[in-house]
Every structure is written in structure tokens, then in C-alpha cells.
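S.K.: First the structure, which I've put down as C-alpha cells, then a few questions once you've had a look.
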Amino acid sequence: MLLTLPDILSPQDLQAARQLLIDAPWADGRDSAGAQARQVKNNAQLPHDCEAARAIGTMVVGGLERSALFLTAALPKKIFTPRINRYSGAANHYGNHVDSAIRTMAGSGQRVRTDVSCTVFLSEPDDYEGGELTIADTYGEQRIKLPAGHAVLYPGTSLHQVQPVTRGQRLACFFWVESLVRGNEQRRLLFDMDMALMQLRQEHGESQATVALTGAYHNLLRMWADT
């Protein structure tokens, strides 16, 4: 399931994030990549424990917690510490790859299964050329380039890449979610069911039918969830 999440960051959040990034200590993004990813990764990335990365990560997680769409789509159990990257100049692309299945959070050593990937855009589309997040799915190749503050969710199993940035700079926050429901097909079914229930309630109010369907939703979640 590929899903756009609008306005995860407010204009005030974005202004604060950009101010934090002015003097940020950028490092080679390949330093945090595995052996295979190193061969295709060419960008800059903030150390996870620097002030700018921590502050922006806190803003992003706060925005996610306020997003009903994120909560129902991702069904989050754990959120990997958000990272910040930059594509510009010679360090301007990330070739085709699939994210590692398990990531370990620095400091705590806690492991996170990467069921869902998420990118929050920090730059406006007009600020740079190229830089599309390109995701291969069952419907073909999807090219994603969203307004600043918007996010995209997609399965962690997806083959994806970031196209070369040929002008300007592309700033983004990225992270992974371990879901209560690890299977993409099951998450999609639960998401579709929840969205349909919301629409039924808006159009017809609560009824015996919506109560029964809500029960079915929770019984499926109970069957599939890993807490």
C-alpha cells in the first residue's frame, strides 16, 4: 500500500527545521549503509544524535501521532529513530535497493522490523529538479515528489530509489515503522475496512451494521496483531 499523508509538519515546523539545518553537521550517507547499499547510495546524512536530527525527529513523530491516517494505515508498534538526509551537488542520488529487514536503534539497541517505510519531504518541489522517490509496486513504477511537510508511506519490501538531483537540494526525513500487523495485505485490508466504516458513519450514523462491522475489524486485528 502506497499512501500520501498530508501536513505531517506545519509551516512553523518546516521553518524551524530549515533553521536547524543551516549549520548542521552533514556526513557521508554511505557511513550508515550496509555493504550492498553502499554501492548505490550517494547522499549526505545527519548523525542521528546531533541536535538538528533529534529536534526534527521529535517534530516528525509528533506530527505522525496527530495523524489519524498514519495511525490507521501503519498500525505502529515501534518507530525507528527518524533520520535526515540531503541530496545535492555530487552526492545526489540513491540507486535501486530494498531496505534492510531489521534495523537496530543506536543507543537502546532495540530492533525494529521495517514493515513500513516513510519519507517526510522538507523541501518544496520547486526547490530542486529530479529527486523523485521512485517505488516499484504491482501497478508499475510510482514517482513521488510531494510538497514540504507531506509524507509518503510504502511497504518496506519495496524496491525503490531516489532519482538524481540535478539542481538545488532535496531535504527529507526518513524512517521505518514496525507495525502491529506485519503483512502488507492484511494491513491494506484493515485500512480499507476502517476507511469504509468511517464513511458509513459519516453518511448514515451509527447503526447495528456499523457496530457489527467494527467488531469484525477488531476481530481481524486481534487475529493478525503481534503486540
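Keep in mind that glycine also has a Cβ here, set from the backbone N, Cα and C atoms.
Given the structure is predicted, the values throughout are model-derived calculations rather than measurements.
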S.K.: Of the candidates HIS150, HIS160, HIS204, which does Swiss-Prot annotate as part of the Fe cation site that also includes HIS97, ASP99?
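M.R.: Within the candidate list, Swiss-Prot flags HIS160.
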S.K.: Please report the distance from the Cα of ARG170 (2-oxoglutarate binding site) to the Cα of ASP99 (Fe cation binding site), rounded to the nearest angstrom.
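M.R.: Cα-Cα, rounded: 20 Å.
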S.K.: Can you check which residue among the binding-site residues HIS97, ASP99, HIS160, ARG170 has the largest number of Cβ atoms within 10 Å of its own?
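M.R.: For the binding-site residues HIS97, ASP99, HIS160, ARG170, the Cβ with the most other Cβ atoms within 10 Å is ARG170.
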